[in-house]
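According to TrEMBL, the feature transmembrane segment maps to A:12-29, A:41-67, A:79-98, A:105-123, A:135-163, A:175-201, A:261-279, A:309-328, A:340-356, A:368-392. Taken from TrEMBL, the feature domain 'Cytochrome c assembly protein' applies to A:74-175, A:269-393.
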Amino acid sequence: MDILSVSSGALYSAFVLYLIATLFFGATVRDKRTDKKQHTVSAKIAITLTIIGFAAQIVYFITRWFASGHAPVSNMFEFMTFLGMCTVFAFIIIYFYYKLSFLGLFALPISMIIIAYASMFPTDVAPLVPSLQSHWLYIHVTTVALGQGILFISFVAGLMYLIKEIDQTVKSKKTMWLEIVIYILFIFIGFIGITSAFGMMNYNATFEYPSGGETIKSEYKLPAIAGPNEGTLITENVMEPWFETPNWLQGQDAGRKFNTVIWSLITGTILFVIVRLIIRKRVGAAIQPLFKNVKADLLDEIGYRSVTIGFPVFTLGGLIFAAIWAQIAWGRFWGWDPKEVWALVTWFFYAAYLHLRLSRGWHGEKSAWLAVIGFGIIMFNLIVVNLVLAGLHSYA
Amino acid sequence: MKEIKCECGHVNPVGTVLCEACGRPIEGNQHLDGNNEKRLLNMRYDGTARRSQTYNKSIIDKIWSFFSSVKVGVWLIVLALVASMVGTIFPQEVYIPANAPSRDPAVYYEDQYGIFGLIFYQLGFHNLYTSWWYLVIIALIGISLVICSLDRFVPLFKALRHQKAQKHISFLSRQRLYSETDVASNEEIETVKNNLKKQRYNIKEENGHILAEKGRFSRWGPYVNHIGLIIILVAAILRVTPFFYMEEYVWVREGQKPIVIPGTDGQYYIENKDFILETHSKDDKRFEAAIAEEGMIPSNFQTDIVIYQTSDKTVPGADAELDPILEGSVRMNDPAKFDKYTVYQSGYQLNEFTSMTFRIHETADTEEAALDTFTVDLTAPEAEYNLDSGFRVVVDKYYPDYYLDSNGIPASETNFPRNPAYVFLIYPPNSDTAEVSFVGIGRNIDATGENIYKLGIEDFEMHDVSGLTVKYDRSLPLFGIGAAIFMIGVIQGMYWQHRRIWIHPSENGILMAGHTNKNWFGIKKDIEKVIKGTNIKMVEDQQELDEK
Ligand code: HEM
């Protein structure tokens, strides 16, 4: 059998295992009130499945490495997949320390969203351009991903803290913001759903558009609501675009990416509205009762702990190793490239978080909000900076 | 200046919050750490007297207090963070693409991004990271770092060094982790002590009072990491001076005579033997799909270079005598080094013309038989060519990189022979009247349409040009040391915690209290293990109770 299909099979299995594990983690919730023993059994099954899933993902990683001849962290698909894997890894470690099975109910879906998001990018094995041909590529990228994966756990804990602690009996700014955060997660799910749906139909519409004196082709995998700037549709019998992508959106294939964003927003919103119509209250309010037996203090502690562990790893990978590599490749260890600046912003942000934690007022809820914002900053760097602000790193 | 005498008899410096000896809260100073009416003590810096909290009279006191405040520090960090973000909205000046219609920032930003671009430019965000106000924020962070660290480190260090095992009951009972055990036997206390040792706690005993402590060194983590940061800031300042940093960019043509390397005081020369651009093979099964999708993907940029040093024997004024000192290749991710300099592969230009050979023939001759030929050496084009057959060719105009500008007038886009074009004046043998001929790649225009002679391109030679960055950066070791110290400090402060457990004998039993600077879960686990097999009560987390 072809080694690459082994690799993608392993990744797929990992995904499915995480999904089943999430269900078992879910079972630990309901059992809590009824049967303590059953509860520990399902927790055990859940974590075992998680570990097997993680092992499957390692198989994916190694076989893909073997097939391509370089560590699979060199494009958007490979990086995001690895990031999802690191999040699972961080979760496993934290689980064995704190034994809080609830965490899995949120940590695994977040990892799954990341992995699913990854698979929306081209998955072909691509050779390395000269600037990427360095061992520092692996060292830098893997460390960054590990640091970010650990920091994501603080987001998971923070989000759970907010869902648990925010008073849902009255409508307030807090409930609104929490609902917005949840809504954004829905948009991601919408993105994955709609892209997979049209992917299965093999939808394709090709455009031509001018860019810097040349004519470039752009292949849309979703029906074009927004066509490329000054583009012309060359595929026949597909939907005509409703309008053009504004020209201030920069970078390769800006139109296609913008179109995807529009689709994700639409699908996510529809999903969200349907869920709200069914449950007839805020999603946050609907989940809140699940957390009755979790100690808020412990969630706060886990959130903080993940930052204290993740911050040094992120600093090492995202700033120090990155600088060493840039020095070797380009002769400058720091170039104020947008991606670099956003790594610095992330670093400043978590430094501020740590300093604020030093005073008592910033424990608990405020700190949980910060963890959510931190996650937002990292995701911004991975998504918006790659898609909108073109730079050295936008390999997607 | 009044010192404060505690009930226990210890004399504390002004501004102390918790007595240095017994830990009793000092009346009248509790507001300094926000301890008012709180059940739990604020244990930051162990209640020591800090300069910033104590003196607030002179201007120096005020500045000191200002910069030592974490609040101010965080504001500075947030300010730097927000400014950095804004700077990424549009590309920085150095990243304006080479093929932009105008690279002049005054034009470019407005042209590309409209009114927001104009504002971006006018506010100086196009060069944000070297602008004075960005550097001022960074410098203020540096000052703040130094002052806040000194403000806390000195008193904290002294306090922890001289701490006593015996603490007042009010100190223990107001710790976050606390329990009272009414009856505890000596054996039980002994067991606890042994267990503490097994957990690698250091034990200090005074009159039956026990202080078990571990990981104190982690308290110095922040100060160590701040020192690292300060070193990095100093390195960044030094890097501005030419002693520490030099960078030049040089274009070197294949086959060109060695040229002097800028920035080396004429000491070194460089020659480009060959520039190599390789691409990944289309036939590689693994990458077929990706290459089909994206087109050719380069696999190697490389320049084979020779570096020469001017010899001592060189006579001033004469051409330099050169000794080769390095022959090797520079590749992306694999720079070459000589003396204190490093050479990086940074750019390239393929296919510049080295020379062009032209043939003169009669316009009417369909065979285009050559009457004569001449060669223009583009590295040193001559103004006039006198040929053996009697023809005289004058170069009237030369466009190294020909294009028609927006008014339809011929012009040269760059000074490099990438697309050479000429206006030649051809004087036939024994004639003083010239024919005008415009010749370029794929172009041959006869302005009058009556030319008897015509020029054709017979042959040409091409070369590649390699863009190399030559630099030295003596600040690198300093950055390295700063970064290493920073990492040591953060790891020290984050991966270890300072845990303390106090045991205070009461009438028949003991009081137990615990404190850690982080990871309360961990110290609770420790205490659970320590009291295993005894009847000593597990500590309760009073903060948790507070919240309920
Ligand atoms: C980008 C700049 C900075 C970075 C990356 C940084 C990093 C850190 C880190 C990682 C810690 C340890 C936190 C912890 O253990 O939870 C720390 C502690 C601390 N930092 Fe900074 N810091 C920075 C700037 C500042 C500034 C400007 C101040 C000035 C007010 C400051 C004051 C402090 C203080 C007071 C502590 C706590 C020390 C202790 O309680 O033991 N830091 N810093």
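Just so you know, glycine gets a Cβ as well, placed from its N, Cα and C.
Automatic prediction, not curation, is the source of TrEMBL annotations.
Put simply, of A:12-29, A:41-67, A:79-98, the stretch with the most CB pairs closer than 8 A to the transmembrane segment (A:105-123) is A:79-98. Panel annotation: around the transmembrane segment (A:79-98), residues 11, 14, 18, 47, 50-51, 53-54, 57-58, 60-61, 72-73, 104, 107-108, 110-112, 114-115, 117-119, 121, 141-142, 145-146, 148-150, 152-153, 156, 298, 301-302, 305-306, 310, 382 of the same chain, lying at least six beyond its termini, place a Cβ under 8 Å from a Cβ of the stretch.
Within the domain 'Cytochrome c assembly protein' (A:269-393), the DSSP-based counts of helix, strand and coil residues read 101 helix, 0 strand, 24 coil. In the predicted structure, the domain 'Cytochrome c assembly protein' (A:74-175) carries a mean pLDDT of 89. In the domain 'Cytochrome c assembly protein' (A:74-175), helix, strand and coil residues by DSSP number 77 helix, 0 strand, 25 coil.
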